[in-house]
Amino acid sequence: MAISSAPGKVYLFGEHAVVYGEPAVPCAIERRARVEVSRREDGKLSVHSDDLTLDGFTVEYGVSPDERPDIDVSESLVTAAMGYVDGAIEQVRDVTGNDDVGFDVTIDSDIPLGAGLGSSAAVVVAAIDAATRELGTTLSTEELADRAYRTEHEVQDGQASRADTFCSATGGAVRVEGEDCRSIEAPDLPIVIGFDGGAGDTGQLVAGVRNLREEYDFAADTVAAIGDVVRNGEEALSAGDLEEIGRLMNFNHGLLSALGVSSRSLDTMVWAARDAGAMGAKLTGAGGGGCIVALDPTPETETALSFTPGCEDAFRAALTEEGVKRIE
Ligand code: MEV
């Protein structure tokens, strides 16, 4: 048996635009997916998950999954979640040259699924790390991030950036621009998260932005403008200028909204945070529903969010420098 965990993340700046080669800055947060893996000789894969939104399910299948668990979340979310696990195991088979190996996989995650906090990247990183170690191979962080990226790329129909998976594998604040992924310094950030209890379909949301970008020059300009916001954000981060970081987060949210990836509940939470005095607030991740990230050193934003209709959970999240963690 091998057990690994990996952190979720928030995007300070740059989601969606990063898919088209603009830079992005995600930050790992101390919310983790823990994956336990045991080898099995019959070639089958059994997945059990206890997750904030997937409230416990087990499914067992052969190489081509045809069963689906009977649980109360949307079919597309379950299909996506299982696609990520299948994809991760495919990478493990490929990198270890062990084509027929099967596994019992148990996922225990405190990152809500599809909510913009990088649950899929965390599960994929932790699953690849644990399953390769179960077969006696330990991957470098770079190779792990790369294999996890390939999984997301496949599941998201070739439309994924390296941002989520690199951030989850390495921890800390990172800057990703195309193939160039590095860790960067970030000041102590007073991060508050609001969660509407919902989720977005990353593949669909990314496809929506791609279509807009192909149809309208001004949508392509909006994506490029997000890149400019990120570049300014990097300067504000290295100067430790929280006020400016917040202003740029607000701007970034407006541009994401123009690209159609916000939602009524995300906008409501963003405005509740701003009204409560947050330095800035924006959706995080693919959007469509899920989480917002705000900056506020005072308790005001968390309190306001917890009383905001449509906000199911509000909490603080500390940045973590620890990426993948080898527990056993
Ligand atoms: C999803 O967490 C972030 C997106 O930018 C997609 C990606 O980078 O792969 C929307």
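Here, residue 1 is simply the first one shown, and the rest follow in order.
Each Cβ is built from the backbone N, Cα and C atoms, and glycine gets one as well.
Per TrEMBL, the features are as follows:
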ACT_SITE  Asp164  active site, proton acceptor
BINDING   Pro112, Leu113, Gly114, Ala115, Gly116, Leu117, Gly118, Ser119, Ser120, Ala121, Ala122  ATP binding site
DOMAIN    3-39  domain 'Galactokinase N-terminal'
DOMAIN    84-172  domain 'GHMP kinase N-terminal'
DOMAIN    235-301  domain 'GHMP kinase C-terminal'
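Those residues of the chain, other than Pro112, Leu113, Gly114, Ala115, Gly116, Leu117, Gly118, Ser119, Ser120, Ala121, Ala122, with a C-beta within 8 angstroms of the mean position of the ATP site C-beta atoms are Gly8, Ile111, Gly285, Gly290. Selection of the recorded positions Pro112, Gly114, Ser120, Asp164 by a Cβ distance under 6 Å from ligand 1 yields, in sequence order, Asp164. In the domain 'GHMP kinase C-terminal' (235-301), helix, strand and coil residues by DSSP number 36 helix, 9 strand, 22 coil. Counting only the Cα atoms, the space from Ala122 (ATP binding site) to Asp164 (active site, proton acceptor) is about 8 angstrom. In this structure the alpha carbons, written CA, of Gly116 (ATP binding site) and the residue listed as 'active site, proton acceptor' are 10 Å apart.
The binding-site residues near Asp164 (active site, proton acceptor), taking a 10 angstroms Cα-Cα threshold over the set Pro112, Gly114, Ser120, are Ser120. Cβ neighbour density within 10 Å is lowest for Gly114 among the binding-site residues Gly114, Ser120, Ala122.
Shown in sequence order, Pro7, Gly8, Lys9, Pro26, Ile111, Asp164, Cys167, Ser168, Gly285 are the residues of the chain, 6+ apart in sequence, with a C-beta less than 8 angstroms from the C-beta of Gly118 (ATP binding site). Summed and averaged per residue, pLDDT over the domain 'GHMP kinase N-terminal' (84-172) gives 93. In the three-state DSSP assignment, the secondary structure recorded for Pro112 (ATP binding site) is coil.
For the domain 'GHMP kinase N-terminal' (84-172), residue counts in helix, strand and coil come to 52 helix, 8 strand, 29 coil, using DSSP. DSSP assignment over the domain 'Galactokinase N-terminal' (3-39) gives 4 helix, 27 strand, 6 coil.
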